[in-house]
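Since the structure comes first, as structure tokens, the remarks are kept for the end.
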Amino acid sequence: MTNLGENRKETKIKVQVFLYLAVLGIIMTVVGNVLLLSVIYLAKTLHIPKYTIVFNLALTDLCGSTALIPKVLDTFLFDNRYIVYEACLSYMFFVWFFLNVQSWTLVIMAYDRFIAICFPLRYHSIVTKPAIAAMLLLVWIVLMTCTVGLLDRLSFCGSLVIQNFMCGMGSILDLACGDTSLISNIAFVSFVLNPCLPPILIILTYVCIAIALSRVASPKERLKAAKTCTSHLILVAVYFIPFLYSNLISDIDRDGMIITEVLPDTLPPLINPILYSLKTEEVLNCIKKLCNNMLSNITMSKKVFTAMLTKWKVLK
């Protein structure tokens with residue numbers, strides 16, 4: 001019995017250390033994604049379809065991580081296991097919405113890579129800014145509508161306090177009164193369409209890319225294409241593996257659930273700015289140009305201020 005208590009205490013300490021690191025990760029996520037958003041917005045050379053998708057991913061990463069992590073930290077660090085229904089619905093809406101937008105943004109990224117590698121001559125005529133903007137807007141509208149409809153079809157006639165450390169559809173359904181079969185079916189369809197379908201589409205896309213490269217590309221071109229896809233594949237793996245694991249594996253303890261809930265919304269937003277800024281020559285060059293322009297403006301402002309001060313002294 002003593003060993004069991006010591007093991008639980010040791011596990012809790014490890015998870016607390018993990019969550020403290022997650023706080024540091026949040027700070028780095030905010031700084032990195034704000035920097036990436038600013039660079040893409042300010043640099044006109046990055047106003048192309050590829051970086052429109054990256055901009056959308058950085059925006060949803062920023063919003064999603066800030067929506068999920070504060071509640072998880074409050075739940076675990078302060079042992080706040082009882083969540084009021086209204087707060088839970090708000091929490092679920094923002095977390096589900098941004099997680100789903102992130103997953104479908106990764107699908108659009110895979111589509112961009114597919115067209116660029118398999119149809120390079122037609123890339124600029126197929127992947128246009130209006131087309132990408134329409135796809136991203138459609139994702140936002142459809143997912144927002146589905147999420148609101150999913151969470152707004154339940155009625156409650158008893159306690160509105162959830163005795164759990166995490167908000168989930170199961171906890172919500174336990175509080176609902178009346179027939180919940182419809183909402184259960186909608187939730188199942190939503191689960192299939194959102195966390196399950198995107199990785200399948202991405203895998204199929206890369207299968208097509210691999211087949212196309214094996215037929216026409218030289219070893220040098222294959223290596224070049226693989227490098228362009230590496231960043232996206234890393235994000236896909238880091239995002240979907242913990243997310244699908246937490247949803248498909250039921251035998252997970254409380255501490256394991258905390259970790260699997262935190263990982264999909266901390267690692268991808270943290271890695272995204274690194275993969276699409278520090279490892280991308282285009283973005284690095286834009287950052288250097290923006291920094292040089294800022295330094296030039298500061299230097300020019302100092303010269304103007306010095307000249308005005310000198311003239312004022314002469315007049316005085």
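Think of each number as a place in line: the chain as shown, counted from 1.
Placement of Cβ uses the backbone N, Cα and C atoms for every residue, glycine included.
Unlike curated entries, TrEMBL annotations are predicted automatically.
According to TrEMBL, the protein has these features:
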TRANSMEM  17-42  transmembrane segment
DOMAIN    32-276  domain 'G-protein coupled receptors family 1 profile'
TRANSMEM  131-151  transmembrane segment
TRANSMEM  199-217  transmembrane segment
TRANSMEM  229-248  transmembrane segment
Long-range Cβ neighbours of the transmembrane segment (199-217) (under 8 Å; 6 or more residues past either end): 103, 106-107, 110-111, 113-114, 117-118, 225, 229, 233, 236, 240, 244
Intrachain residues whose Cβ lies under 8 Å of the transmembrane segment (131-151), provided they are six or more past its termini: 49, 52-53, 56, 89, 92-93, 96-97, 100-101, 104-105, 108, 112, 172, 183, 186-187, 190, 194
Overall pLDDT for the domain 'G-protein coupled receptors family 1 profile' (32-276), taken as the rounded mean: 78
